[in-house]
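If you check TrEMBL, you get these features:
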type     : residues  : note
COMPBIAS : A:17-32   : compositional bias 'Low complexity'
REGION   : A:1-32    : region 'Disordered'
TRANSMEM : A:61-82   : transmembrane segment
TRANSMEM : A:94-112  : transmembrane segment
TRANSMEM : A:143-164 : transmembrane segment
TRANSMEM : A:171-190 : transmembrane segment
TRANSMEM : A:222-241 : transmembrane segment
TRANSMEM : A:261-280 : transmembrane segment
TRANSMEM : A:301-320 : transmembrane segment
TRANSMEM : A:332-351 : transmembrane segment
TRANSMEM : A:380-399 : transmembrane segment
TRANSMEM : A:411-432 : transmembrane segment
TRANSMEM : A:439-457 : transmembrane segment
TRANSMEM : A:463-481 : transmembrane segment
Amino acid sequence: MTAPTEGPEKAQTEQKSPATSAAERAAPASSRAADFGIDTTAKSTGEAIRGYLVSLRSGDLGALPALLGLLALFILFTALAPDTFPSLLNLANLLQQGAGQTIIAMGLVFVLLTGEIDLAAGTASGLTASVMALHLVSNGNLLGAMGTPVFLLFAVVIVVAIVLAVLLKIWAGAIASAGALLLLVIGFPPNPWLEMLLAVLVGVVIGCLTGFLVAKVGMPSFVVTLALFIAWQGVILQLIGDGGTLGLRDPVIAAVANGNLSTLGSWILFVVAAGGYAAVMLNRQVSRRKLGLVAQPTGLVLIKTIAVVVLAAVATYLLTVNRSPGQLPISGVPYVVPLVLVLLVAGTYVLDRTRFGRHVYAVGGNREAARRAGIDVVRIRAAVFVISTAFAAIGAIVYSSKVGSVSPSAGGGNTLLFAVGGAVIGGTSLFGGRGRISNAVIGGAVLAMVNNGLGLLGQPASVVFLVNGIVLLLAAGVDVLSRRRSAVAGR
Amino acid sequence: MTDPILQLRGVNKSFGAVQVLHDVDLTVRAGEVTALVGDNGAGKSTLVKCVAGIHPIDSGDVVFNGSPVTLNAPTDAAKLGIEVVYQDLALADNLDIVQNMFLGRERGKSWLLDEADMEQAARRTLASLSVRTVTSVRMPVAALSGGQRQTVAIAKAVLWDSKVVLLDEPTAALGVAQTRQVLDLIRRLAEQGLGVVLISHNMADVFEVSDRIATLYLGRMVAQVPTKDITNTQAVELITAGRSGDLGLQRPESVTV
């Protein structure tokens, strides 16, 4: 480009950008940077650590208590049960045990972020699992297994959900519900993949109903989901029958929570996941630096990235070692790990990078401000229930796969406690607006470890319940206290 | 004297049987701060909400930049470049400054927001308002002081191609130093050629920053005079009695709500 053309071209680009603010045009460009002298885009590592400590003191704890708790629990159980707890077999088993509830907790984060609660996520997940199991057990004949009246009612409910989703302008929910109707009406021979898809689509259907009642009708989510919690339990009983269980005798479904990647697959997963993480972190750092945006100190980002990659490498190596005590070798990263990772990445991306995610945080932080900013608050509040129940259905597939059957108590008391507990223990606020999907993973890991460890120590169910309750109370207490501190520090 | 950017002529507004605004005229000029004063219940906030498009007017004309317009929804006002800074600021505590400033109008694709563009634009706007107290545009609003929050709310309003900014009691909840900052900011907005409407109960603030004072009394515009032409006492008389000497209503005692 030669020099003379530079002038007019510059003017053109200035004209092209329509969104220059009134204030911006008024001030000459040269004076801007100087005026903003205090704004620091790049901090040294020391400053960043000091800043982090300040934010900790002012109550922004994030996932720190849960991470410390996780470490403490690991040390505690290793000390108490040195032979069984830290074995590779048990640790891999722990991942598979906790994955289902953790996935439900990840979906619940969306609901909690808007300041609502979904008590029905547990039994809704059980309902989706029983539809899946019923289809498998009845050899694809849902009409015969359910009986004509129940089947028709089910179809009508799905149609209602489609209408509600359209009313709420949740197009993805409407399409998914229509998919559920299609699968149901056309029918298909038993196929594990289609059955799992059906479970997730039924989850979306349930989420549309919940979302409509909470967001559009305006009933408190606590009451709506409590009522649905009870109602879905009745539906599960109707589908499975009193006292019965539906066995999941399908190799694909059984492998979801019990299967492992091959050694090669495990290392491919490591390369994709750790490499992807490093690439995203470093790319963001470089581009933010280049554009002069607020960025973390490069040293800190490097340390964090290297730590994650090394930890992932160690974990992958350990999981590819044969961990079987018997003749048949067991090795490889459990399938649940890539599953949780994919959901984690997708959920985090939606919350951090998309307009929808930004609006979820805004609705949770200040609903009135969101409304005045032109955000469709009703749609956002309904959509989080759709997401939550869809996640719950995926979680249901995993925990049903782990036990190998679906019983009438599927998704009952324990599951819900786990899910809500996992989200809250990880640091997601019950008051809305604060929390991340990764928090739910950490919180889910804490609860899985508590249950696994106490089980190995031979503690009775009474103690296990008691400890779980106390852990949840502690987490909720930390949330309230940190909010109080940040309210004081904010002024 | 510049041309009026926003003019209201004979605006009436009723809520059911209660008529809140009676034939209100108001002129807002670019580059000037127009103070809108009046006692509680005089109709200031209703007038602002009419201009913001939250309450459509019953009758009367709104002229913007020389052409008549209708304001039936907040988006109508936003499209014209009329922005309102509400008393409660309407900021989400959990979001950072950039996220708040662009809330509802994020740049970039729906599936991938353009964070870099938003952050740079936010910083430019804050810089052009000579805001020096904010250490990072990525700080959550919860960590800001009252004056800083007000600054962010105002910056949010001028980030867009705004022509008129209405501020509802911007200094009501602030301390002395913070009030100072905000008043300076209001002055700068006017210097940059925006039409500024300031609602305030604090006469000291009004006399300090405004070019023109418009007084509402029981839903009627009783006087619109240059600030330098009246005294504090006269202004208070206009607010409380609807009349001061030659200014204001001739028979305010006959006025009913």
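A Cβ is built for glycine as well, from the same backbone N, Cα and C atoms used for every other residue.
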Spatial neighbours of the transmembrane segment (A:94-112) far in sequence, C-beta under 8 Å, 6+ residues away: 118, 121-122, 125, 221, 257-258, 334, 336-337, 339-340, 343-344, 347, 351, 360, 384-385, 387-392, 394-400, 402, 415, 418-424, 426, 428-430, 432, 435-437, 439-441, 443-445, 447-449, 451-452
Leading contact stretch, A:171-190, A:332-351, A:380-399 vs the transmembrane segment (A:143-164) - CB distance under 8 Å: A:171-190
Per Cβ pairs under 8 Å, the stretch of A:301-320, A:411-432, A:439-457 packing most closely against the transmembrane segment (A:463-481): A:411-432
Long-range Cβ neighbours of the transmembrane segment (A:301-320) (under 8 Å; 6 or more residues past either end): 88, 91-92, 260, 263, 266-267, 269-270, 273-274, 277-278, 281-282, 285, 331-334
Spatial neighbours of the transmembrane segment (A:411-432) far in sequence, C-beta under 8 Å, 6+ residues away: 61-66, 69, 100-102, 104-106, 108-109, 112-117, 119, 121-127, 129, 229, 232-233, 236, 363-365, 392, 395-396, 399, 438-444, 446-447, 468-469, 471-472, 475-476, 478-479, 483
Beyond the flanks of the transmembrane segment (A:171-190) by at least 6 residues, Cβ under 8 Å: 135-136, 139-143, 151, 154-155, 158-159, 161-162, 165, 197-198, 200-202, 204-205, 207-208, 211, 250, 383, 386, 390
Contacting positions for the transmembrane segment (A:222-241) when only residues 6+ beyond its ends and CB under 8 Å are counted: 117-124, 126-127, 130-131, 133-134, 146, 150, 206, 209-210, 213-214, 406-408, 410-412, 416
